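First the structure, in the form of structure tokens, and then the observations on it.
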Amino acid sequence: MAPPRQVFVAIIGVGGVGKAFLGQLSQLAQRMSQNPSQPMYISLILLASSKKLLLSPNYHHLNLSTCASDLQSSTTTPMSPAEIAQYLEKAPEKTILIDNTSNQDIADAYPTFLAKGINVVTPNKKAFSSSLALWKEIFSAASNGTGSGGWVFHESSCGAGLPVISTLKELVETGDEVTRIEGVFSGTMSFLFNSFMPVGGGGGQFSAEVKKAKELGYTEPDPRDDLNGLDVARKLTILARMVGLDVESATSFPVQSLIPKELESCSSGDEFLEKLPQFDGQMDKTKEEAAKEGKVVRFVGSIDVAKKGVKVGLEKFDASHPIAALKGSDNIISFYTKRYGDNPLIIQGAGAGGEVTAMGVTGDLIKVLRLLHVQARRMSVVGRTD
């Protein structure tokens with residue numbers, strides 16, 4: 001049996017996902033330390049927000065129960081990604097960086113972290129959907145790519161806690177041929193169009209539904225960040241690259257924006273919402289055209305692997321289609337493959353929310369911990385053999 005292992009964890013980001021993750025991490029650390037057969041001790045050594053830093057200079061364990069409030073009391077400013085990499089590289093045990101942000105600068109530093117043997121777990125879509133060059137650099141450095149550095153996992157970069165990334169990865173690695181991917185990839189856009197044009201008719205005007213979605217917390221502070229389609233485009237970019245398409249970026253294929261051109265320059269989200277009712281006629285026309293065909297309108301993303309085509313935008317669906325039947329803010333992702341034939345493999349469920357997104361991050365953390373445990377056992381066996 002391998003000796004008990006200690007693993008150091010550094011966390012960046014304490015927003016909605018970050019706070020939920022801290023709660024899940026505390027529970028996980030307690031369960032793992034109490035496992036009599038395979039104890040592994042998780043030590044938090046760094047916690048950072050965009051403005052503050054809580055750090056253990058001597059790599060001593062920070063208190064998980066009080067770390068959030070301790071961070072608030074801290075007067076230390078954050079370190080740069082390069083400084084964090086240097087700090088973690090010198091740690092006496094294996095390290096895992098949990099990036100719960102959407103920060104591009106941190107994402108750009110992933111190859112550096114991985115090359116230094118630092119493992120990375122993240123829901124940060126920007127790391128995997130910005131330039132194709134960064135994607136290749138990340139997986140050229142990672143152990144689960146073609147490199148020999150740290151491990152990198154990003155389940156929550158697409159679909160929050162839904163097993164979208166892991167399912168597609170397994171389909172590809174077992175030799176199935178993925179022909180098409182289609183679905184509703186945004187909890188915000190799902191809620192919006194399920195309300196705007198529910199099956200059976202009805203629904204309010206588009207501007208009113210956008211306002212309601214914002215009041216209920218489904219949209220970003222500025223709803224244009226959802227309506228521009230870029231969030232969905234980033235997720236499609238990740239999945240397209242996983243099936244072998246060299247998509248250059250999330251803006252290198254057709255993405256339909258639902259922001260009227262006249263409102264793109266609004267100075268704030270509030271101003272945008274105030275002026276949006278002036279353009280309800282455009283969406284009313286779209287709804288009416290779909291209704292005449294006995295269909296509903298949904299905001300979807302699709303990948304045609306054979307044609308190397310990726311697109312994001314409005315599509316019409318029969319009321320009996322699984323995408324039309326979605327409720328609330330659920331996501332639905334359909335994988336059409338050679339093995340599954342005409343009936344796609346469908347993943348459906350909550351695609352947004354702090355707790356479910358953090359669950360995906362925690363699941364990825366567990367994957368890394370298991371891999372590190374296996375490495376520890378192998379080193380123990382080699383040591384006894386020597």
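Positions of Cβ are set from backbone N, Cα and C atoms, glycine also.
Caution: TrEMBL annotation is automatic and unverified by curators.
Pulled from TrEMBL:
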- Lys235: active site, proton donor (ACT_SITE)
- Gly13, Val14, Gly15, Gly16, Val17, Gly18: NADP(+) binding site (BINDING)
- Thr101, Lys125: NADPH binding site (BINDING)
- Glu220: L-homoserine binding site (BINDING)
- 13-144: domain 'Aspartate/homoserine dehydrogenase NAD-binding' (DOMAIN)
- 163-366: domain 'Homoserine dehydrogenase catalytic' (DOMAIN)
- Item | Length of the line joining the Cα atoms of Val14 (NADP(+) binding site) and the residue listed as 'active site, proton donor', in Å | 22
- If you measure C-alpha to C-alpha, which of Lys125, Glu220, Lys235 (recorded positions) come within 10 angstroms of Gly15 (NADP(+) binding site)? none
- Cβ proximity for Lys235 (active site, proton donor), under 8 A, sequence spacing 6+, ordered by residue number, returns Lys125, Ser129, Ser157, Cys158, Gly159, Phe185, Gly301
- Rounded mean pLDDT for the residues that make up the domain 'Aspartate/homoserine dehydrogenase NAD-binding' (13-144): 95
- Give me the Cα-Cα distance between Gly16 (NADP(+) binding site) and Thr101 (NADPH binding site), rounded to a whole Å. 10
- Can you tell which of Gly15, Gly18, Glu220 has the most other C-beta atoms within 10 Å, given these are the binding-site residues? Gly18
- Note on the structure: Least Cβ-packed of the binding-site residues Gly13, Gly16 (other Cβ atoms within 10 Å) is Gly16
- Val17 (NADP(+) binding site) and Glu220 (L-homoserine binding site), distance between Cα atoms, whole Å: 14
- Query: What other residues of the same chain, not counting Gly13, Val14, Gly15, Gly16, Val17, Gly18, have a CB atom within 8 A of the CB centroid of the NADP(+) site?
  - Reply: Lys19, Ala20, Phe21, Asn100, Thr101, Gly354
- Item | Cα-Cα distance linking Thr101 (NADPH binding site) and Val17 (NADP(+) binding site), given in Å to the nearest integer | 9
- Note on the structure: CA pair Thr101 (NADPH binding site) / Gly18 (NADP(+) binding site), Å rounded to integer, equals 8
